[in-house]
Amino acid sequence: MTVLKVKFTKTKRDKLAQILWILNWVSVVSGIILFSLGLFLKIEIKKRNEVMAKGDINSVPNMLISVGVIACVVNFLGGKICYDCSDANKFSRWKLIMLPYIICTFCFTFCILLGALMCYTMRNELEESLYLGLRDAIKFYKDTDIPGRCFLKKTVDMLQIGFQCCGNNGFRDWFEVQWVSARYLNMASKEVMDRFKSNVDGKFLVDGVPFSCCNPSSPRPCIQYHLTNNSAHYNYDFLTEELNIWVKGCREALLEYYTAIMRSIGIAALLIWLFELSVLIGVRYLQTAMKNVLLQGDLQGESDGWLLENSFVETAKYNINIIKNLGKANQISTVSGMNDPNINVQNTNCGKSNVTAKSIPAAS
């Protein structure tokens, strides 16, 4: 039993072909949009790759870029096919190609859906990458003289200023690392040496944060050092007073930023997927309607078009059987209880012969 059968006249077939020709060109534009969105996301990730650990976070932009390029090629070809389908004589040259084209387009639209869903599922991978990357960036913040890390201080400072954040999880992360280079510490000072000896790691740890953590909107001058020491500042209570530094961690700020981008890209990709799916359904109706009109022999008459020739269950069983048969085609099968009668027969040209050769008497 056919699924969603529709009857088409000659006029309806021609209009459907023209509409699909236009929609395929619109789909080329949607492919360019997908490519642009993937490229934009890739650039945004690359901008801050210094504070991200290496991982599979580029899989989403790479998927969108690839799908966008494929969309342009597939829909350009689809536009040409639909344009020729308005003429039954031209359709005959595409007749054998249209069904494989529809199958490939279905797989391609599935990739669009997969790319859209990946925009919503990569949050955990992104969060882990940001956590590890920011942890290392804060750890190496002081290494301004080491090649490969000399610009890391500027990167972290610009990040904290731009995203109004401080530390990885919060400003307390700076309390746990030595973020002041030993080059700028007076080793002859007793206070400095006491700082080094005050912890088992032998690091210069202070309850302070870099200047980039300061909130310029605060009416009070930035309290950058001795944040937990109330007696070090006039009219200051660490527990009750609102601090004039950024409280939000940079991991949370970056995660919110990238999540908002990926959510918008995911919505756009889903809308493009629905549009591509509707175009694919239209192409399927056009293919079946043109195929049936050729079988009838009356190019001006009516013809039926459908989504599936059989029911969903029958179509699924048919495709599964095709896949099974393809797997069995690579295996050598033998009939049960029967052996090849020639399997143990020796070749007469191989090995030594036991027959004694007789000499031929010479003619007298």
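Keep in mind that glycine also has a Cβ here, set from the backbone N, Cα and C atoms.
Relative to the membrane, Lys95 and Ser303 are listed by Swiss-Prot as lying on one and the same side. According to Swiss-Prot, the listed position annotated as N-linked glycosylation site out of Asn229, Asn354 is Asn229. Away from its own ends, the topological domain 'Cytoplasmic' (1-24) comes close to residues 75-76, 78-79, 82-83, 85-86, 275, 278-279, 282-283, 285-286, 289-290, 293, 299-312 of its chain (Cβ-Cβ under 8 Å, at least six residues beyond either end). For the topological domain 'Cytoplasmic' (81-99), the number of residues in each DSSP class (helix H, G, I; strand E, B; coil) is 16 helix, 0 strand, 3 coil. In the predicted model, the topological domain 'Cytoplasmic' (291-364) shows an average pLDDT of 57. According to DSSP, the topological domain 'Lumenal' (44-61) comprises 10 helix, 0 strand, 8 coil. According to its DSSP assignment, Asn229 (N-linked glycosylation site) is coil. Counting every protein chain shown, the number of other Cβ atoms lying within 10 Å of the Cβ of Asn229 (N-linked glycosylation site) is 12.
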